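Here's what TrEMBL has on this protein:
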TRANSMEM  48-74  transmembrane segment
TRANSMEM  86-103  transmembrane segment
TRANSMEM  123-141  transmembrane segment
TRANSMEM  148-170  transmembrane segment
TRANSMEM  213-236  transmembrane segment
TRANSMEM  279-301  transmembrane segment
TRANSMEM  313-331  transmembrane segment
TRANSMEM  343-361  transmembrane segment
TRANSMEM  373-394  transmembrane segment
TRANSMEM  401-425  transmembrane segment
TRANSMEM  431-459  transmembrane segment
Amino acid sequence: MVKSRKISENLLNQYNQWSIVCLVTNPLLLRKIIGQEFLAFFYYLKFIIMQTTLITNDAVVFGILLAIIYFTFYTSSLQSRFWQRFYLFLPSILICYFVPGLLNSFNIISGENSKLYDVASKYLLPACLVYFTISIDFQALKRLGAKAIIVFLAGSVGVIVGGPASIWIVKMISPETVSGETWRGLATIAGSWIGGSANQTALKEVFNPSAEVFSQAIAVDVLTAELWLALLLYGVGNAYKLDKWFGADNSGVEEIREKIEKEFSDNQRNPNVNDLLKILFVGFGTTTIAYVCADLIVPFIENNYPNLKKFSLTSTSFWVISLVTLFGILLSKTPLREIEKVGASKFGSIFLFILITTIGMKMDILAALEKPQLFLVGIIWMFFHALFTLLAAYFTKAPYFFTAVGSQANVGGAASASVVAAAFHPSLASVGVLLAILGYALGTYLGYLTGLMMQWVVLNL
């Protein structure tokens, strides 16, 4: 954001002869903004609209985010033809990402200075993973077979192959786009798209991209991944048709979903205060234990096995997510799994959407326009991931559920894999979590390998 503001100040000096009145009354001047000056105009407009962040109080920002979530949920539930068609093309999850991103881009709120993401990612995400995992049915999951793992690993291979391949293709079209040290920033995307943010951070330390290159990589990562997420979510509504077209056997998924829905209708009851407190205690109690364990494990590994850093085993986030998922699985064998009957997964859904909006508010959408050619790399790269995932699903006759969740376990990590799985049914979110944890374990190593291949393409082809 600071960088964007400096650019805005420079552009203000360059275009100080402009005025709002002139722009409105002189269409010829507007035409000159096309091309390279298009981005300059947006930064200039951003600067003159708001030179400082309008809302800095996190309490107010949190209220705005909740308003966005409520408005999205309310309008998506309406039977109006307009809203039904609107959310058919723009899923509610996508709205919850991009509306806060726009507010951040125009300095209405500041994702950089806000602490809301830290709170949501550190406390709400672990708790919601417990809520989604605690109702897991292992006996039913066993009947799903190895298809989920195969599709997931095929997606990882697609990221490994797609990284160097996309750079090679773009290099032939536009060499300056991937010249210099650009590959260092793009290499971190491999860690993100196989594992998650922890893996991306680890690769940032390994490849050491400049701040500018890394910010461009983040823009490519987030926007490309969210566009792919939107396509996957669109497919959820047509999962039956896709399964029929691929000749997939979705009986295992349907069996789990039907069983869960039957249990839900038979056992669901209105919660009382004790039930709600029990839900909060289980979610945040397990989160507390996970952090206590992580604070003991991470220093031990750093001091005794520093080489394990490349596997993200020195990341507190990795251990917390791994442990809360393990705790949720263990608790699913205890009477505490009964909290699902009083709405535990609903708490998980609310926490997850709060997390999504806080992630969105950290995006500066205008920053993505600084080097738009890089999006071609991201799109080609994602094509390879999609191709490998779909081929694996086709040859194994895997249902669309595995295709979508396996892909997001790679590209999006635990949060978005849970979102996609929960779109089928909230209790199926645990499948996405388990696959995402496998991605966290593999992401740094495979991302490092991908980065070396990308470097070789830039330097030798």
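The backbone N, Cα and C atoms fix where each Cβ goes, and this holds for glycine too.
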Highest-contact recorded stretch vs the transmembrane segment (431-459), from 148-170, 343-361, 373-394, CB pairs under 8 Å: 148-170
For the transmembrane segment (48-74), sequence-distant contacts whose Cβ falls under 8 Å of one of its Cβ atoms, 6 or more beyond its ends: 5, 8, 12, 20, 92, 95-96, 99-100, 103, 106-110, 113-116, 350, 353-354, 357-358, 361
Stretch of maximal Cβ-Cβ contact with the transmembrane segment (86-103) [cut-off: under 8 Å; candidates 148-170, 279-301, 343-361, 401-425]: 343-361
Any contact, the transmembrane segment (279-301) to the transmembrane segment (148-170), with at least 3 Cβ pairs under 8 A: no
Interface-richest range of 213-236, 313-331, 373-394, 401-425 toward the transmembrane segment (148-170), CB pairs under 8 Å: 373-394
For the transmembrane segment (401-425), distant same-chain residues with Cβ under 8 A (at least six beyond the ends): 93, 125, 128-129, 132, 144, 147-148, 151-152, 154-156, 159, 192-197, 225, 228-229, 232-233, 235-236, 239, 250, 253, 256-257, 260-261, 321, 325, 345, 348-349, 352, 355-356, 359, 382, 385-386, 389-390, 393, 431-433, 435-440
Same-chain residue ranges lying at least 6 outside the transmembrane segment (313-331) that approach it to Cβ under 8 Å: 121-122, 125-127, 129-134, 136, 196-198, 201-202, 282, 286-287, 289-291, 293-295, 297-298, 301-302, 305-306, 337, 414, 430, 433-434, 436-437, 440
